[in-house]
Structures are given as C-alpha cells and as structure tokens.
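Have a look at the structure below before the remarks.
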Amino acid sequence: MQATATTLDHEQEYTPINSRNKVLVASLIGTAIEFFDFYIYATAAVIVFPHIFFPQGDPTAATLQSLATFAIAFVARPIGSAVFGHFGDRVGRKATLVASLLTMGISTVVIGLLPGYATIGIFAPLLLALARFGQGLGLGGEWGGAALLATENAPPRKRALYGSFPQLGAPIGFFFANGTFLLLSWLLTDEQFMSWGWRVPFIFSAVLVIIGLYVRVSLHESPVFEKVAKAKKQVKIPLGTLLTKHVRVTVLGTFIMLATYTLFYIMTVYSMTFSTAAAPVGLGLPRNEVLWMLMMAVIGFGVMVPVAGLLADAFGRRKSMVIITTLIILFALFAFNPLLGSGNPILVFAFLLLGLSLMGLTFGPMGALLPELFPTEVRYTGASFSYNVASILGASVAPYIAAWLQTNYGLGAVGLYLAAMAGLTLIALLLTHETRHQSL
C-alpha cells in the first residue's frame, strides 16, 4: 500500500513540460542511428573496407583488420558512457544528449567521406579507426541519455511504455539499413557499389542527425534533473560514486542486459553469416533472400517493443522480464536445430521471427528498468555504464563464439551458449528488486 500511495501522490504532481511526440522522436532517433550504423558498418567491414582502407595482399588479413575497427567501438562505448554520463549527471540531460548525437553523427558521416588506402596510404585505416572510436564514444552516451529523456518525462504509470521509445529505434534503424543495402543492390552494379555506393548510407545518416538535433534542442530539461540541480545535489565524480556506492546494482544491471545483447547479435550477425555461407559451413541461402527475411522479422521486433513496455507497466519489470528470459532459454534450447538448422527458408524465417520478437520483448522494458535501478544523481552514468559494459560481454564476442561453437560442436551448442547467457540474466533478475512503484 505504501508503494502504491507514493506512486499516486507522484502522479498527481506530474505535469508534462515536453510533448509526448517530441519525447518519442528525440529518444528514439539516437538508437535508430545507432542500429542503422551498426548494420551498415558491419556489412561494409566485411564487403568493402578490406578493399578500400587496407593494403592489398592477404585478403584474410585485410578482413580481420577491418573487423578489428568494428570492435573498436565496443571498447569506446564504456568510455563514452563514463564521459557523457559525467556531464549528463552534472550539467544536464538535454545538453549531453545533443553532444552525444553530434559526436556519433559527425563520426559516421566522416567515415562516408574518407579517402581510401590508394589515396592517403596508412592514414586511411588510422582515420577509419579514429572515426569508429568517435562513433563508439557517442554511442556510449546515447542510449542512457535517451532512456532518461523518456522515463524522466513519463507519467509514472506509463514509465515503461515511454521507456520503450528508445528501443523502437533499434528495429527502425535495422529495417532502414537492410532496406538501404537492398535498394543499392538493385540500383547499382558491384563496381559502382564498391566505388562510391557504399558511402551513401553513411552520408545519409546526416539527415537523421539533423532531425534529431532539431528536436532535442527544442526540448526542456528533464524535470527530475532540474530538482537535483536546484537542490545542488549533483555529485562531483558520478563514475566514482557509482563504483563505490552502487556496485551491486551496476553489476546486476550489466547482467540483466546480457541476454538482450547476446540474442540480438546471434539473431542478426551470426544468423546472417550462417544462412548465407556455402554448405557444409552454412545453409547457402541467397544473401538478398536472407536480408528480406530479416527485414520482415524485424517488424515482429518493433511490434513487441511497446507490447513489452505495456506488460512491464501492468505486471512489473521484474516479473515480466523473468517470464521473457525463461522464454528465451526455451527458444535457445529447442529452436536452433529444428528451425535454423533445417535449411528450409520458411523454417529459417520462423526462427528469425521468433528470435527477434523475443528480442523486442526483452529489450522493451530496459529503458525503464535500468534507469530505475539508480538514484538521479548517478542515473545517466549508471544506466549507460551497465548497458555498454554488457555490450562488450554479450555483443562484441557473441558472433565469434557462436561461429566457433558451431564449427566445433554443432548448431545445438550455439543454442546452449545463448541459454547460458540468458541464465545469467535470469539470476540477475531474481536478485533485483521490483522498481515499478518507485519515484524517480
């Protein structure tokens, strides 16, 4: 009864200072760019960059060097979460979100404008790595700020629904990235694509950045942060406070995100690689056919994100996430061999649709759950840090571990790996308290 009364009192005090539509667009635009960038960079790192930015000789070495630049962003992201989290918790959410979007956007456009190895030699891969590091820094501060923008401007009883707005950017970005590559494959020859066509998606992201900046600049500061600022309760070093006074919830938040990241990268990067690789290594399906399957399956992802937010508001974050994580474990144990391993396009699509729909369900509540674990004075840093450390543990290595397990132990071992990661998330959830009724 105490928690309910607190919630109702808080709701009576709630007065929106930013329109719902502005909050929606401003919070999802950054994650849309993030996932758009993820997929276009991952694709270009395999297909284009080894030929453009690295000396020609050993093609395998060039591909590995190119993929290493992809991994740089995962190292940069926790650094970005600490840097942008520091200013987000001390200066304000609005200014920091503008800065993170600018950092991410400028770095992405720069990649699309970089000259190749044939033009500037060794400076080409160095500048590519630097731009990728800049992307990672911006990304490190993006999601946490977007989640706070949504949840700190939300009516208390709709906090998880509002908190799902940033997660909607993921399927939107992924859908447009896939669509862009399909469109380019229809309109351009291979020679045109390798010459200049690959640059189009990177430069096009500038449009999204401009829209995002326009909306974010017009927002008012979060009312929750303004209370802390007026009371002068900001801490001097948010990361230091986080790692000394809030270690337990930081670790729990990281492991709560683990299954989400592992599931997404297995369903997208690994499944794409396995489905298109020639037999006996993979299924040998046409690349464009798999891209279409992923685009259609991502619709299920997008639909489930707000559904998950509604469920988390109705039944609580912890309870709904425990059920969803259990479903991920069952999917991991029983779906890989019969569906993905069948090689039948209909069953492969069913696998992708099921997995990405579960991704929407597990990702949807995160925008409320992670921020609610932390007090206002370290919330930006805490939510961002947990989210981005989980990206190293669950995202950066997942496709490689999955490929190694499949090669050495078969497809079922990939499912066991996903089930194990989801099991760690389930334990973290069981050790976490319910946060639905608490005030921010």
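Numbers here mean position along the shown chain, with the first residue as 1.
A Cβ is built for glycine as well, from the same backbone N, Cα and C atoms used for every other residue.
Here the topological domain 'Cytoplasmic' (1-34) returns a mean pLDDT of 66 for the predicted model. Sequence annotations record features per position, and here Swiss-Prot assigns topological domain 'Cytoplasmic' to 1-34 (among others) based on sequence analysis.
Swiss-Prot lists 35-55 (among others) with the feature transmembrane segment, giving sequence analysis as the kind of evidence.
Look at Swiss-Prot and you will find 56-66 (among others) tagged as topological domain 'Periplasmic'.
Taken from Swiss-Prot, the feature transmembrane segment covers 67-87 (among others). Using a Cβ-Cβ cut-off under 8 Å and counting only residues 6 or more beyond its ends in the same chain, the transmembrane segment (67-87) has close neighbours at 41-42, 45-46, 49, 53, 95-96, 99-100, 103, 125, 128-129, 132-142, 144-145, 237-239, 378, 380-382, 384-385, 387-389, 391-392, 395-396.
Under the heading topological domain 'Cytoplasmic', Swiss-Prot lists 88-108 (among others), citing sequence analysis as support.
The transmembrane segment annotation in Swiss-Prot covers 109-129 (among others) and is backed by sequence analysis.
Through the fold, the transmembrane segment (130-150) approaches residues 23-24, 26-28, 30-31, 34, 37, 41, 69-70, 72-85, 88, 93-94, 96-97, 99-108, 110-111, 114, 162-166, 169, 219, 222, 366-368, 370-371, 379-385, 387-388 of its own chain, all at least 6 residues removed from its boundaries and within a Cβ separation under 8 Å. The annotation transmembrane segment is assigned in Swiss-Prot to 130-150 (among others) on the grounds of sequence analysis.
Same-chain neighbours of the topological domain 'Cytoplasmic' (151-167): 7, 10-11, 14, 16-18, 20, 23-24, 27-28, 30-31, 93, 143, 222-225, 305-306, 308-310, 312-313, 317, 360, 363-369, 371-372, 436, 439-440, counting only residues six or more beyond its ends whose CB sits under 8 Å from a CB of the stretch. The annotation topological domain 'Cytoplasmic' is assigned in Swiss-Prot to 151-167 (among others).
For 168-188 (among others), the entry in Swiss-Prot reads transmembrane segment. Counting only same-chain residues 6+ beyond the ends of the transmembrane segment (168-188), those with a CB under 8 A from a CB of the stretch are 27-40, 43, 146, 197-198, 200-201, 204, 264, 268, 288, 291-292, 294-295, 298-299, 301-302, 305-306, 360, 363.
The topological domain 'Periplasmic' annotation in Swiss-Prot covers 189-192 (among others).
Listed as Cβ neighbours of the transmembrane segment (193-213) (distance under 8 Å, sequence separation of 6 or more from its ends, same chain) are residues 25-26, 29-30, 32-33, 36-37, 40, 44, 47-48, 51-52, 98, 101-102, 104-106, 108-109, 111-113, 177, 180-181, 184-185. Residues or ranges marked as transmembrane segment in Swiss-Prot: 193-213 (among others).
Through the fold, the topological domain 'Cytoplasmic' (214-248) approaches residues 15, 17-18, 22-23, 25-26, 29, 82, 85-86, 89-90, 92-94, 97-98, 101, 148-149, 152-153, 374-378, 380-382, 385, 440 of its own chain, all at least 6 residues removed from its boundaries and within a Cβ separation under 8 Å. Per Swiss-Prot, topological domain 'Cytoplasmic' is recorded for 214-248 (among others).
The transmembrane segment feature in Swiss-Prot is assigned to 249-269 (among others).
The feature topological domain 'Periplasmic' is assigned by Swiss-Prot to 270-289 (among others). For the topological domain 'Periplasmic' (270-289), same-chain residues at least 6 beyond its ends with a Cβ under 8 Å from one of its own Cβ atoms are 182, 185, 340, 343, 345, 348, 351-352, 355, 398-399, 402-403, 406-407, 411, 414.
As annotated by Swiss-Prot, transmembrane segment applies to 290-310 (among others), with the evidence given as sequence analysis.
Outside the topological domain 'Cytoplasmic' (311-320), and at least 6 residues removed from its termini, the chain residues within Cβ reach (under 8 Å) are 157-161, 361, 364-365, 368-369, 372, 429, 432-436. The topological domain 'Cytoplasmic' annotation in Swiss-Prot covers 311-320 (among others) and rests on sequence analysis.
When Cβ-Cβ distances under 8 Å to the transmembrane segment (249-269) are tallied for each of 109-129, 290-310, 321-341, 346-366, 385-405, the top count falls to 385-405. Highlighted: of the candidate stretches 35-55, 109-129, 290-310, 385-405, 290-310 has the greatest count of Cβ pairs under 8 Å to the transmembrane segment (346-366). Put simply, of 109-129, 290-310, 321-341, 385-405, the stretch with the most CB pairs closer than 8 A to the transmembrane segment (35-55) is 109-129.
If one looks beyond the topological domain 'Cytoplasmic' (367-384) by at least 6 residues along the same chain, the residues whose Cβ comes under 8 Å of a Cβ in the stretch are 27, 80-82, 84-86, 88-89, 93, 96, 140-141, 143-148, 150-152, 159-160, 162-167, 224-225, 227-228, 233-235, 238-239, 241-242, 246, 249-250, 252-253, 256-257, 309, 312, 317, 321, 432, 435-436, 438, 440.
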